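Taken from TrEMBL as is:
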- 1-102: domain 'NADH:ubiquinone oxidoreductase chain 4 N-terminal' (DOMAIN)
- 106-390: domain 'NADH:quinone oxidoreductase/Mrp antiporter transmembrane' (DOMAIN)
- 21-42: transmembrane segment (TRANSMEM)
- 48-75: transmembrane segment (TRANSMEM)
- 87-106: transmembrane segment (TRANSMEM)
- 112-132: transmembrane segment (TRANSMEM)
- 139-159: transmembrane segment (TRANSMEM)
- 179-204: transmembrane segment (TRANSMEM)
- 216-235: transmembrane segment (TRANSMEM)
- 247-266: transmembrane segment (TRANSMEM)
- 273-295: transmembrane segment (TRANSMEM)
- 301-322: transmembrane segment (TRANSMEM)
- 343-361: transmembrane segment (TRANSMEM)
- 373-397: transmembrane segment (TRANSMEM)
Amino acid sequence: MLKYLLMIVFLIPLCLLKNSWWLVHSLMFLSSFIFMICVYSYCDLNMISYFFGIDYFSFSLILLSFWICSLMIMASGSVYSSFYHQNFFIFMILFLLIMLYCSFSSLSLLSFYIFFEASLVPTLLLILGWGYQPERLQAGIYLIFYTLFASLPLLLVLFKVYSYVNTLYFPLLFDFGSYYFIFYVFMILAFLVKMPMFLVHLWLPKAHVEAPISGSMILAGVLLKLGGYGIFRVMKVISFLGLKFNYFWLSLSLSGGVIVSFICFRQVDLKSLIAYSSVAHMSMVIGGLLTMNWWGCMGSLSLMIGHGLCSSGLFCLSNIIYERLGSRSLLINKGMINLMPSMVLWWFLLSSSNMAAPPSLNLIGELSLLNSIMSWSSFSFLVLIFLSFFSAVYTLYMYSYSQHGSYFTGVYTCSLGYLREYHLLFLHWFPLNILCLSGEYFFV
């Protein structure tokens, strides 16, 4: 698997060339397809070296990273046409992809932590360098401080763990039992902030609203999944205390998901609405992972993959409107069926996938998570009913308000859509629905 990492590294010198935008874009898609051929579906870790290894969970998320990073370049047509530091922009995407590849394939908790934190740097530079409003500085500060505030205690815990067992190597770690409650809290909190869980989620809508389209795509598509992957890996270490205290995080997460769904109802900013819907979806993923059973873990994986493709596509759609009308407000972006009739199909397809309608991968994920959380506690069905119902309500609210009705009279004309944009949306929607046919991969 090291050869794929070298493929990305050798793309970096191409950033120094002029007019290398579409060359790098094509080579990244080629890398994605080559990586896809090597489908890895075994439960055990396949060692690349002492520090790096891969199993089905990390393989799926690395493939998602490849795919989303390739689509990021395709979506950022405004950066290409404005000639605004194109080469540095591509370098940032490649550097971010390397960090994600290394974090998803790390076999040591310390190296995972280092790459997990290093992925913040290119994300922050994307927001600060290519964001739209001056408020992006505040969004960057929120992003950094929320993550660091939760992650630095995790670093101290890792050092303490190393002093006890002399290793941070995943296969050699064991459950610490009931002795170190503070280990449990700090280990899980860093990843809950990254997911993010309700009450520590405020950085996400701010970062999404201020980020360029590429920043929003990678943030919703892959970076939120780092938190889920981290919880999946450290559960081995904290499983004894997890069985005792996971109910607290699980209850907070699910009830928080319902509250966030209510917040979605009163959003008038398209990007903010999609960002809050990500928090609601991730609350189910947190619930599935913290039940610590096989249904929950596999359902979380399939929902993470499905949500990564779906929310990234919705951000692309909101950006397509923003580039034409210069606004993300639902008060202005209404009646788009009159102005861009051919784009309405894509709005419907991705909105239906967002509410877990068949045949999307989100359906498999949500059904598995419903099974998992209901097996943990039958009383949770009260919250899950509202969570599933409201996800459909706010998605339909977004679709109907933006597409139907009379259009804003201040808009006279706009482009119906470019082939590049239709291609981009197809490459989000097609894998999202075709993966439903290979559902057995997620339940090996």
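Using N, Cα and C of the backbone, Cβ positions are placed for all residues, glycine too.
For the transmembrane segment (301-322), the list of distant contacts is 57, 60-61, 64, 67-68, 71, 75, 208, 213, 216-217, 220-222, 224-225, 228, 270-271, 274, 277-278, 281-282, 284-285, 288, 328, 333, 336, 340, 343, 346-347, 350-351, 353-354, 360-362, 364-366, 368-369, 402, 417, 421, 424-425, 428-429, 431-432, 435, 439, 442: same-chain residues at least six beyond its ends, Cβ to Cβ under 8 Å.
The stretch in 216-235, 247-266, 343-361 that contributes the largest number of Cβ pairs under 8 Å to the transmembrane segment (373-397) is 247-266.
With DSSP states grouped into helix (H, G, I), strand (E, B) and coil, the domain 'NADH:ubiquinone oxidoreductase chain 4 N-terminal' (1-102) comes out at 73 helix, 5 strand, 24 coil. Contact check: the transmembrane segment (48-75) against the transmembrane segment (247-266) gives fewer than three Cβ pairs closer than 8 Å, residues 6 or more apart, which falls short of the contact criterion.
Proximity of distant same-chain residues to the transmembrane segment (179-204), defined by a Cβ-Cβ separation under 8 Å and at least 6 residues beyond the stretch ends, is recorded for 116, 139, 142-143, 146-147, 149-151, 153-154, 156-157, 160-161, 219, 223-224, 226-228, 230-231, 234, 237-238, 241-242, 245, 249, 252-253, 255-257, 259-260, 275, 278-279, 282-283, 285-286. Outside the transmembrane segment (343-361), and at least 6 residues removed from its termini, the chain residues within Cβ reach (under 8 Å) are 277, 302-303, 305-306, 309-311, 313-314, 317, 320, 336-337, 388, 391-392, 395-396, 398-399, 402-403, 416-417, 422, 425, 428-429, 432-433, 435-437, 439.
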